[in-house]
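K.L.:
The FAD binding site feature in TrEMBL is assigned to B:214, B:239-240, B:253-257, B:270-277, B:291. Annotated domain 'Electron transfer flavoprotein alpha/beta-subunit N-terminal' per TrEMBL: B:4-195, in sequence order.
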């Protein structure tokens, strides 16, 4: 049964093409399932997308942010090398005389074989460490609700790869021996590990060597082909999904949620209540996940015992997609008549529990740390949109705050006519009084009504005046920006608030806006262009930083304190403003800045985003206590 | 059309306090008009007490004493009152702006084709006609109302606890008459049950709420607030820190993420007044704040503020409230 | 079963009230108009019966064109159709005049139950609903905090001082709603509800359509009217009571009893 000779090569060819065929068919079925999703254009900026693949896939940039990621780096590159090697193996399977050195020459082959040896050894090391981590160290992020299934899946894969690599070394060892005995064969001695392994075959006869070689070759090849067939059915579907997912990654800022078309009268359902109502890209996300757990590891909800774990959510959505997608793409099944429970499952409610959906603070940690660019937040918001717009399914506190926005344009329901009262005695002009100013200082609801925040607004006014900045406010005319209404899923309310505010601001001919609230900042900057609001929007830390650099503001008084800066999610992760506040703090004499363990893009969410400020925390612990 | 007539409220074998208040007010109006003051009482077992209205200046009481009249039912009480009033023909009719009083006044006014001012806090006679003051727009404004020429009777229901009740002569008795009126024969609606309320008033419905915050320091101390609430016929609420600390159940939480309440009187004890709490009780008619910290934000929203240790103040306050209750009968 | 809900539009309760130039009405410039909260509870109560027993719910309003927005909001919650009586001749009506208009409109609409708030939070007249019942000669059950229906009878419970009363009546009957938001929890309209509401039938009627003559309603027919509006004596927010503990307690009680009239 020596590979490459008749009849082995025929048998191999049959097996090979059967496996390949089966694999292709599986991939085709997956493709059809993805096609169930709604359209989305992710084909812009192809060059940039390709560069992304180079950086994030081949460069493994996000993966190696964590030390454990180097293990994956090894496994990934090992995999690539093994694949390159496998092509030679398959070539040999078809014709025994095929060899790379005959095509690319001996020197290059030597380098290739050396790399193969090193990386395969690296893979073994990485896999042993993986097993140790998963079964001995048991870090939080590898925890899973269905731990047995997850561990089993991992074990199968790891075992298969170890077997594959072991057989590879076995075959190579035997082959090296054969090379000593047969002329016309070449096996580079540079591949020292294989050479070392060949020591096991030292005293065997040629005939035995051929048997051993064939044995290892067949096992190795069958494992590879088996792997090929098995991968789409395990969590290693990730291998197929990750690269396309990185290619199609999101370029729009994460602070820009999609704008629903509410004008179209023919639309009967709003938000996502069925898996096929997600876009194809959102479904592709599910296939890219390998359950590494980096999302959940950084999720404020998961870390404080709430029902939401982004990893589990993606996993549950994937399971549901594959099960339901299979039924929906099966021409023999009529979805209307079929009694399969998977078809009837409510996406928001059964596949994902409503408590899960409402636990998200939209902090963005999940998306920031996902190595394959899965987008968790838009899925949650899409499901919230369904719950809010279609079912009015939300807690009483949420109803209170929605009504407050509708009636008085602020979440506390305080009289809208009193919105400008914070400015009494501060000598600030409204745009109605004086439209010829450079900046609009958009105060926001908190800055207008909350006792502590009003002090921030007053301080900001003082600083702007001191620096001689030309600005005005909207005063009692100001309206809430609606950011939170959108995060809560009430797109209808948000769009009416955004349209109104845009008209108001544009009506005054405003070109530049300063705001003190990161949430207002994010929406005015990234989302209001959807409504015709195209302004230069600055967060107050950006402006103050600028003024400091221009010498227009000079901190004089000493403040002997040690303080730390908490990076707001919507300032940091969402809009990449990390340094400006720090530089402002550093410019104050006497101030000692100490960084928290979780800072910058790993900053821990305060727990109030995504509308959670207005909801009771009945499950788990408080995010703010962490 | 002459005289003032009051519709007294009689329940559980006694006149309710408000009946004496409207009797006193009726007396004042009758004096201003120079006309007689009468009263109507419907109930079960009223005969024994009826004449006591004379102590407040009522000259004559029309009463009907029958078991069917024990509890108020519009279908029975209103036609009877209407018939009596049609024969008495007073110029002014006063009733109590209690739950039953407001109910019967409205139906009665429609039956008589009269003009009615509900929940009045002040009444006076101007040019021989009644003028009434009542709160509107959640008490943010007051309306003075007047009846158009020749519009009789002029009906007004009076808010309890407002009109001064003045005992004129403890020895005086009113004369009593039972009009020959039969109760309506066909009555479609009926009273299924009347149950005395459990002592605990529901927070959402309470007209008086006494709330405790972080300043209460210990769950045991809420007993003080419960005593005050009971005295005032109200409920006990809590701000978020007190609930978070486990001192009170979440059902008692007043605030943005708790209950939004609109009582007539809200007494905030040891509550700083963060905006989330204010969002839950800001629409209260009257807000009293008791806090040791003079800078507490709640004082800017309170109608009456007391900077004092609540553990000193509340007992003193309870003492004074008890004194007031004793004085007012 | 036909349920009619009487609905009024009022300024939102947070509105800063300013007295208008005529001295007897409020300035309407910066007002956000909303459904009278008690009428909203009435809509919710009607919709609950519709959900459990099946019914048609009609919204009936008396007032100017701006009321259409509130009627549509009630339709978005789930009501089936709306009727607005908009006639300048009805302006200036007292409660009885308004009740006459509503009763006349109701005579043209088949009804088993009529729900309405016990009062409107703007003028606080607290009579129109009950007056409508008297004019239609049907029983009324007032200030309901719970409503149930069984065996063709409508049953409510209502709070009175120190007690809870349960009343029952056959239909047709009129119920006025008491309670609070936390008790009734009026439903939030879904977006499809809002969209559908735009197409639900909304009739506008004049007095002539109701067979009512102008002499029966309007300012001329009113028995009582508001002659002036006054702002309360401006109490400084945070009137700080001073003195020693006992004196403060005494003063507070006095203020609450005599000035605020709440105890």
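Heads up, residue numbers simply count up from 1 along the chain you see.
Using N, Cα and C of the backbone, Cβ positions are placed for all residues, glycine too.
How about a rundown of where these features are and what they're close to?
P.N.:
DSSP classifies residue B:274 (FAD binding site) as coil under the three-state reduction. Of all Cβ atoms in the shown protein chains, 20 besides its own fall within 10 Å of the Cβ of residue B:274 (FAD binding site).
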K.L.:
Would you say which of the binding-site residues B:253, B:256 has the most Cβ atoms within 10 Å of its own Cβ?
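P.N.:
Top count of Cβ atoms within 10 Å goes to B:256.
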K.L.:
Listed in sequence order, which of the binding-site residues B:214, B:271, B:277 sit with a CB under 8 A of chain A?
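P.N.:
Qualifying residues, whose Cβ lies under 8 Å from chain A: none.
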K.L.:
Could you check the binding-site residues B:214, B:277 and say which one's CB has the most other CB atoms within 10 Å?
P.N.:
B:277
K.L.:
Only counting partners 6 or more residues apart, tell me which same-chain residues put their Cβ under 8 Å from the Cβ of residue B:271 (FAD binding site).
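P.N.:
Listed in sequence order, they are B:211, B:212, B:213, B:214, B:215, B:239, B:277, B:289, B:291, B:296, B:298.
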